[in-house]
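For Ser111, Lys112, Met113, Asp114, Gly156, Gln157, Thr158, Gly159, Val160, Gly161, Lys162, Ser163, Thr164, the entry in Swiss-Prot reads GTP binding site. Summarising the annotation, Swiss-Prot assigns Zn(2+) binding site to Cys237, Cys242, His244, Cys250. Taken from Swiss-Prot, the feature domain 'CP-type G' applies to 62-213, supported by sequence analysis.
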Amino acid sequence: MQGKIIKSLAGFYYVESEGQVYQTRARGNFRKRGETPYVGDIVDFSAEDNSEGYILAIYPRKNSLVRPPIVNIDQAVVIMSAKEPEFNSNLLDRFLILLEHKAIHPVVYISKMDLLDSPEEIKAIGRQYQAIGYDFVTSLEELLPLLADKITVFMGQTGVGKSTLLNRIAPELALETGEISDSLGRGRHTTRAVSFYNTHGGKIADTPGFSSLDYDIANAEDLNEAFPELRRLSHECKFRSCTHTHEPKCAVKAALETGELWPVRYEHYLQFLSEIENRRETYKKVIKRK
């Protein structure tokens, strides 16, 4: 039989297939090959009625995230708070390039809008992201229809209200929430093991644990691909390997001058590019010392 792993707990993998859930284990040959099944995996498995089954094969994954590990994700809701902590477009763009690089559709959700004296500044920023092609929403009513027919995970820095949002989406989850520490400006980690939960016509991961910004973008070409607006414009650059920094006849810099390109995003691109180049130089020095 074929199914999807929807929960992993204490060495057992719970596989959903044709409306039923089967408790399975992974055969020893997976350990020998260094393979581990993850929540989201499409698998072949064997199972008798009312007895423990076994995973026989794991299908290739289209994407993955770590800490906690989930695979084959359709979209990720990036939660950014309007206040406490303050909205940070640089941090948002770091989440977005991570998701773009992993071929996971991003949805931007702004929490704590009620703490603002005026929502206009956030809404103006939202229009910029919407012009790029991103879903940018500020209310639960806007978010819920986007969950249908999708496997969705939630991510964001500590304290933005991930657990609170998940509890509003699916109150049955009863996730523990952590209040912001005034002294640190950060929330307590209050996550638990991951599993999928059916709600609003889709599946959501019942952990708000994704706050890591680890990404393996190693060069300017990959970074360019992670910015949709740069990716579209780069086909018009004179040089195929254009980094949009110093090259002549660069379509990205031309769009910046005409106002077609949002300067904030270009500034973040340059910053991220510099970080990538610095990491590469550091790596070269380490290798040279060896």
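Positions of Cβ are set from backbone N, Cα and C atoms, glycine also.
This view paints the features noted in Swiss-Prot onto the structure.
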residue: Ser111; record: GTP binding site; Cβ within 10 Å: 22
residue: Gly156; record: GTP binding site; Cβ within 10 Å: 25
residue: Thr158; record: GTP binding site; Cβ within 10 Å: 19
residue: Val160; record: GTP binding site; Cβ within 10 Å: 28
residue: Lys162; record: GTP binding site; Cβ within 10 Å: 28
residue: Thr164; record: GTP binding site; Cβ within 10 Å: 16
residue: Cys237; record: Zn(2+) binding site; Cβ within 10 Å: 21
residue: Cys242; record: Zn(2+) binding site; Cβ within 10 Å: 23
residue: His244; record: Zn(2+) binding site; Cβ within 10 Å: 24
residue: Cys250; record: Zn(2+) binding site; Cβ within 10 Å: 20
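For the domain 'CP-type G' (62-213), the model's pLDDT averages out at 85. Annotation note: Lys162 (GTP binding site) sits in a helical segment as assigned by DSSP. Counting only the Cα atoms, the space from Thr158 (GTP binding site) to Cys242 (Zn(2+) binding site) is about 36 angstrom. Other than Cys237, Cys242, His244, Cys250, the residues of this chain whose Cβ falls within 8 Å of the Cβ centroid of the Zn(2+) site are, in sequence order, Leu233, Ser234, Lys238, Phe239, Thr243, Thr245, Glu247, Lys249, Ala251, Val252, Lys253. Reduced to three states, the DSSP call for Met113 (GTP binding site) is helix. It is 32 Å from the Cα atom of Cys242 (Zn(2+) binding site) to that of Gly156 (GTP binding site). Per the record's binding annotation for GTP, residues Ser111, Lys112, Met113, Asp114, Gly156, Gln157, Thr158, Gly159, Val160, Gly161, Lys162, Ser163, Thr164 show a top Cα-Cα distance of 19 Å. Using CA atoms as reference points, the binding-site residues Cys237, His244, Cys250 were checked against Met113 (GTP binding site), and the closest is His244.
A 10 Å cutoff on Cβ-Cβ distances gives Met113 (GTP binding site) a total of 14 other Cβ atoms nearby, all chains included.
Checking each of the binding-site residues Cys237, His244, Cys250 against Lys162 (GTP binding site) by C-alpha distance, the shortest gap belongs to His244. Secondary structure from DSSP puts Cys237 (Zn(2+) binding site) in coil. Between Cys250 (Zn(2+) binding site) and Gly156 (GTP binding site), the C-alpha separation comes to 34 Å. Looking at His244 (Zn(2+) binding site) and Val160 (GTP binding site), their Cα atoms lie 33 Å from each other.
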